Every structure is written in structure tokens, then in C-alpha cells.
Ligand code: TXA
Ligand code: MG
């Protein structure tokens, strides 16, 4: 398959992407978090092709993307008051709400669960493509399963060229980590995956939110987790990663003491000169969590172009979007975490 690269500013490009989706094809689309691998969420056959292109296990459900709030009604069995308040506060934006599903959701999307994740993205190209398709769009992150998520069209092409119909190039993703996944399907609100909307922001609207164990700890294959995707080794470059958490100054000293010939380092800007002779990728200043989120997947991916045999990464604390960045780094490290 020859994968088309579409440019949204070209006449007819959005309509072409929409028509491809409507006809059951898979298209890479930009969102404000990461690129998504989209297909018609109401067409089980179309959705199955997403799993094939990604090499994704079929027991991992997909998020359904809508362009306007009213599109939610046919997809879920109810819209609780709490969901409406969250949507008023943070939609369009980097947040996915898990709700009891309606019978319109194919089993391929829900992976057999009785719930569905809904997201209204803020990226204008994402919304334009969804509108052009005329159907809700199921989309996981547009990476090969297990690899870091993609935040540019070039990264999507790297993983998906020849496997999907087209990629819409919407530039670099602003947020850089995936959406926050919050479940409102149980008795109490529960954070299943930290992301672009922080835990503090959720709690400002909902009051106390439980945090799923899988956010901070490694969960074994034998354990049933609330978000199936959280159990897989994920976001991982080829070289093993060590996440170094705690005071950044101590962390930099620890990393410097561990480096051998072929090591790479992911660090905050102000420590960039501490590791002479090693390949260093900076992800923003230690106090600039938005910059870290924006840079983290790019940094992890970049090491696959090198021959480093080990990667040490400075990890932010759990405040704000730092919780999401730390979660992605710890998962990339297979929860090989050093606290300094
Ligand atoms: O920012 C994002 O959310 C991106 C963009 C493309 O929107 N999408 C994304 O999708 O990250 P994906 O499939 O890579 O991650 C979705 C996560 C997985 O961990 C999955 O297990 C979980 O959300 N999930 C999806 N539906 C669920 C459900 N019904 N119940 C529990 N977890 C669910
Ligand atoms: Mg993903």
C-alpha cells in the first residue's frame, strides 16, 4: 500500500481524508496530544485494520473521537452530570472520559468491555477530518505497538508507511503526551492514565479522584487492570531505559557516575553539559513541565537512530503534567526506576 501524505492546507485534502475514513480506510491524523491512527468507529472491519497496522493486542480498547459534544449521545448509555462538568471544563482538549457504552460500539472498539472512552480533541485539523468523515473516529496513538507514541507526521510515516492509506500532516503536536483517561463508569471517578489534563485539574471539577495502581506501579500480566493498555511495556526505545527520580541535581550526579561508553542521557536543559562524550537529549528546563511533555517521545524515539546500549533519563516529579511525563518514562523503563 502506498501511504499518501496529505497537507491540510491543500484544497480538498481534509475532504479526501474524511472520504477515506468514511469508506473504511485507516488514516493517521494529528491531535493536540499525539498522532492518532483513525478509522470509522462504527465499522468493526475498519477498526480491525488499526490493530493489524499497529500490531496491537485485540484486548486493548480504543478511544472514540468526536468533533462536537452532541456526537456523544448515540455512543454511550448515559451522560452523567460529572461527565458534563468535565466536558464543560476541559473539552475540546486532552481528556478521555470512560462511560458505559451503547450498543452502537462494535466489540473491536471496546475489546469486550461494557464501557467506551470518548474524547473531543481540540486540534482544528482533527475536528475538521472527523466532521468530513461524518462518523466518530476510533483512534489509538499512531505508533507501532510498544514503540514511543508519534508527535510528528514524519514519525507516523516511520512506523506506518505502507500499512495505512494516508497520514494528514498537522505539524508537531502541542501537548506531546496522550490524553488523560478518567473513568466515570464506576462508583467513584478514577484516573486510569495521566495525561494532558492534570490530576489537580480533574479534582478541581470532581473533588477527590482515585488513582489506578497501574499509573505508578508495574502491573503483571495476571492482574486485571482498568485500562488494559497500561499493562504493556510501552513507549520503549530499543536500548534499556533507567528512570532517575528525585532531586534533579542529585539525579544528574547519579547518572554521571553510571555512564559507560555507549550510554545516552535524557536530561533537563540545565544539566546538558554534565555528560561530556555521551549522546544527550534535553527535554526542557526542570521547572518547565509543558516543555518536557512536548519533548519526551521525540527524545525516546531519537535514541533508536543511535547505537547507544543504555539510556538514563531524568524524571520530573508527579505534580501537574509531570505525573504523565514520569508515567511514560517509568513505563519506557519497564519500571526500572532509581530514586535519588
Ligand atoms: O491522546 C490520546 O488519547 C491519543 C490520541 C490519538 O487521541 N490516543 C491514545 O490511544 O493514546 P491509545 O489507544 O494509544 O491509548 C488509549 C488508552 C489505553 O491504555 C487503553 O487501554 C485505554 O486508553 N482505554 C481505552 N478505552 C478504554 C475503556 N473502555 N476502559 C478502560 N481503558 C480504556
Ligand atoms: Mg498508545
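Positions of Cβ are set from backbone N, Cα and C atoms, glycine also.
Small disclaimer: the values here were computed from a predicted structure and weren't measured.
Feature annotation from TrEMBL assigns domain 'YrdC-like' to 11-197. According to TrEMBL, the feature L-threonine binding site maps to 33, 65, 119, 139, 179. Marked as ATP binding site by TrEMBL: 56, 60, 115, 141, 149, 193, 235.
Shown here: features listed in TrEMBL, placed on the structure.
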residue	record	CB count, 10 Å
33	L-threonine binding site	30
56	ATP binding site	21
60	ATP binding site	17
65	L-threonine binding site	28
139	L-threonine binding site	29
141	ATP binding site	28
149	ATP binding site	27
179	L-threonine binding site	28
193	ATP binding site	23
235	ATP binding site	25
| message | Out of the binding-site residues I have (65, 119, 141, 179), which ones have their Cβ sitting under 6 Å from ligand 2? | response | 141
| query | Hey, how far is residue 139 (L-threonine binding site) from residue 60 (ATP binding site), Cα to Cα, in Å? | reply | 12
| note | Of the binding-site residues 33, 65, 179, the one whose Cα sits nearest to the Cα of residue 115 (ATP binding site) is 65
| request: Quick one: of 115, 119, which of the binding-site residues has the smallest count of other CB atoms within 10 A? | output: 115
| task | Out of 60, 149, 193, 235, give those binding-site residues positioned within 10 angstroms of residue 179 (L-threonine binding site), comparing C-alpha atoms, in sequence order. | result | 193
| Should any of the binding-site residues 33, 65, 119 have a Cα within 10 Å of the Cα of residue 141 (ATP binding site), which are they? | 33
| request: Go through the binding-site residues 115, 179, 235 and pull out the ones with a Cβ less than 6 angstroms from some atom of ligand 1. | output: 115, 179
